[in-house]
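Colleague: Just dropping this structure here.
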Amino acid sequence: MVRAPCCEKMGLKKGPWTPEEDQTLISYIQQYGHGNWRALPKQAGLLRCGKSCRLRWTNYLRPDIKRGNFTREEEETIIKLHEMLGNRWSTIASRLPGRTDNEIKNVWHTHLKKRLQHNQANREAKRQINENSKNELKMTRNSQQFENSPQQSSSDFSSGVDSSVVTTDNFDMGIKDEYIDSSSETFPRIDENLWYTENLCMPENFKETSTEPEIQFPISTASTTFRSNTDEDMEFWYNLFVGAGEFTELPEL
DNA sequence: AACCAAGACAACCGCCTGATG
DNA sequence: ACATCAGGCGGTTGTCTTGGT
């Protein structure tokens, strides 16, 4: 394949477009259209290559371009589509009227990618806290049980003689990544799907901020997922994730 | 006020594909 | 079938702006 000569070698201008150039291009396209991009700059009197003109028009000057910040809905659409399609910016752009692939690509690299990485790091941190709390709880309950029943041997605990006791064995092997003892009454289970941002909820008295909330409380029961803002639930989750041990008031964000 | 680093975004580059002769 | 061209796409770079020191 023969490569077209680059703009510089042909003495054509590069770099940012001036308002005059923009106006020239707009006027020409409004009058004659853009049937042939390669021929257009010469006919319009622009010292630019056709490719540059096309990009300038499609990414910036087109009348149906939507300028300004992306809405929350647009951002969510991009995130979802990117999850499905990967870096197919033009396909993603076709689903967002008035937005160009270039703009979407820029937004992705400058905002959305970082936000997703941040969310992922948060989820990982929470998961770690959850894991640590789980271990602490496990140890506490085991030691309490040992103190209350000094006559029992440690092998009795792990054999599951008393079904109300959470032992190392039934905790680890019974239900993975869930907070639940064999009576299934005391501890709500964590629905892993709730870690995803769209499923997280904030307590009513939490302040809405533009940044990612630091603490969020996913709640579900063994049978059904629900969202709760009751003090009891908040206290449970606050102690679980923040690890303060003593719950006094909800944190200000 | 001056400088510098980081962020945001416009523009370019190189490759690919489909159309055409 | 092959060569050439135009247009499209995604990755990368360049430039301007902004915020911090």
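Easy rule for this one: first residue shown is 1, then count along the chain.
Cβ from N, Cα, C; glycine included.
Quick paste of what TrEMBL says about this protein:
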type	residues	note
COMPBIAS	A:121-139	compositional bias 'Basic and acidic residues'
COMPBIAS	A:140-152	compositional bias 'Polar residues'
COMPBIAS	A:153-163	compositional bias 'Low complexity'
DOMAIN	A:9-61	domain 'HTH myb-type'
DOMAIN	A:9-61	domain 'Myb-like'
DOMAIN	A:62-112	domain 'Myb-like'
DOMAIN	A:62-116	domain 'HTH myb-type'
REGION	A:116-163	region 'Disordered'
Colleague: Taking DSSP states H, G and I as helix and E and B as strand, how many residues of the domain 'Myb-like' (A:62-112) are helix, strand and coil?
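Modeller: The composition, in the requested order, is 32 helix, 0 strand, 19 coil.
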Colleague: Quick one: average pLDDT across the domain 'Myb-like' (A:62-112), no decimals.
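Modeller: Within the domain 'Myb-like' (A:62-112), the model's average pLDDT equals 86.
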